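Features of the protein shown, as given by TrEMBL:
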- 74-98: transmembrane segment (TRANSMEM)
- 74-555: domain 'Major facilitator superfamily (MFS) profile' (DOMAIN)
- 113-130: transmembrane segment (TRANSMEM)
- 142-159: transmembrane segment (TRANSMEM)
- 165-188: transmembrane segment (TRANSMEM)
- 200-222: transmembrane segment (TRANSMEM)
- 242-260: transmembrane segment (TRANSMEM)
- 340-361: transmembrane segment (TRANSMEM)
- 414-436: transmembrane segment (TRANSMEM)
- 443-463: transmembrane segment (TRANSMEM)
- 469-490: transmembrane segment (TRANSMEM)
- 502-525: transmembrane segment (TRANSMEM)
- 531-550: transmembrane segment (TRANSMEM)
């Protein structure tokens, strides 16, 4: 009897030890082989055998950690990165088109400002619609639609022969682009474990610089060429070829997105834990090469969600339009209720001020380079003149004077200077990737905005093309790492069920900043030259310091 009782106690202790080993191995992220050794079970190990032992559900952070990090995430980075690349290419391409298309489209400085701004007007309206829709029906579907729409609008705009038709399709192009920013950042962040999220978001931000480099290289190689096709009432010349080629990345990513799953974080937040588990199994399979059934998580912890009515409990795909609109309105309303209200106000303000400076100056650099070059040609190679002196000459006596014949000639040196300016962002992007998770988002944002604000002031004291190039390159470098930090911070402060909508509203403010920046600079640059640089400097520095009032999100799990 005593011997039998002793055996029972030994069995209980063995079971307890086995449970501890299995749970420890699972929490440490070890895979099936480790569990086989710990449990001494026959191979292959079947996790259903341990369902009674693994009573604890896994949350998102544990589930994504156990899925490993590898091929899936790198493919995701490439696809999402090229969404950002195509967005930046479409926006910055206008800075190269302005001097190239000024004769074809009969552009004045004022109309150039509106042509720069119309894409931001479209983006401002599109950001809210697409971002809210992504929080309702999912990130992936929205990204596919807007990528394809974006590509088609670029192609049609390249064929447009009038200023107003060109403006219309640039607006529609912007309406599509407006969704890509908030949706792709939310989508990408929701696949990342907390310890890698900052560096990987910074890595994706580097694709903006890749877009800048790519578009500058394309412009340099294509626009100065003499290629032209002329038919009755139709001209297709080099700047239109350049614009059409800029549509290719959007077509490519629209196809590649079909091979990616929906965000598991979004699926969990909408009560679709079973679908989210399948996504984790898929990620595990791609990263480790092991069968999906070997994934050690059997169930996921459900997130707290807003109360849903019975009619709202169906799949997103089956919801009537009326219910989707009600959800979109509810998401927006929740962003303006404490405690989220403080995050919303600060993120909107920072994005507005930051992008007045970012787009307000970055999109005018090629135009300024071209003006310096025109001034030097007209003065026998003399380059000593301030930005304001050069602008006064071009507007009153040069190519943009009312009585002068239109001249759209651009020297190749202008494209080289533009390329150097955007290439200056590469080192700062590398620094952001390496330091975002150690130095933190706030450090990079404050450093960037203060330094770029000083560069904006220095623009007033520039007296030749070389000085202009140096200041422009430094501005491009420091503001790009600030852009990466801002994208990380804004993506992380909003909860999952409001993330795409929150980022979208922040992006609306960013696009409004782009509009104001371009119109203010276009107007004041010719009418009262000193004003733009000092206005931009004050807004950059003041807005950047506001980030100190936001919570620290570095290495913190997504809410």
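Just so you know, glycine gets a Cβ as well, placed from its N, Cα and C.
Per-residue pLDDT, averaged over the domain 'Major facilitator superfamily (MFS) profile' (74-555), rounds to 81. Within its own chain, the transmembrane segment (531-550) has Cβ neighbours under 8 Å at 342-343, 346-347, 349-350, 352-354, 356-357, 360-361, 441-442, 445-446, 448-450, 452-454, 456-457, 459-460, 479, 482, 486, 489, 493, 517, 520-521, 524-525, counting only residues six or more beyond its boundaries. Just going by CB pairs under 8 A, the stretch in 142-159, 165-188, 242-260, 443-463 that sits most against the transmembrane segment (469-490) is 443-463. Proximity of the transmembrane segment (74-98) to the transmembrane segment (443-463) is not established, fewer than 3 Cβ-Cβ distances being under 8 Å for residue pairs spaced 6 or more apart. Below 8 angstroms of C-beta separation, residues 76-77, 80, 83-84, 86-87, 90-91, 94, 105, 114-115, 118-131, 133-134, 139-140, 142-143, 146-147, 149-150, 153-154, 156-157, 200-201, 204, 263, 266, 487, 490-491, 499-501, 503-504, 506-508, 510-511 of the same chain, each at least six residues beyond the ends of the transmembrane segment (165-188), sit close to that stretch.
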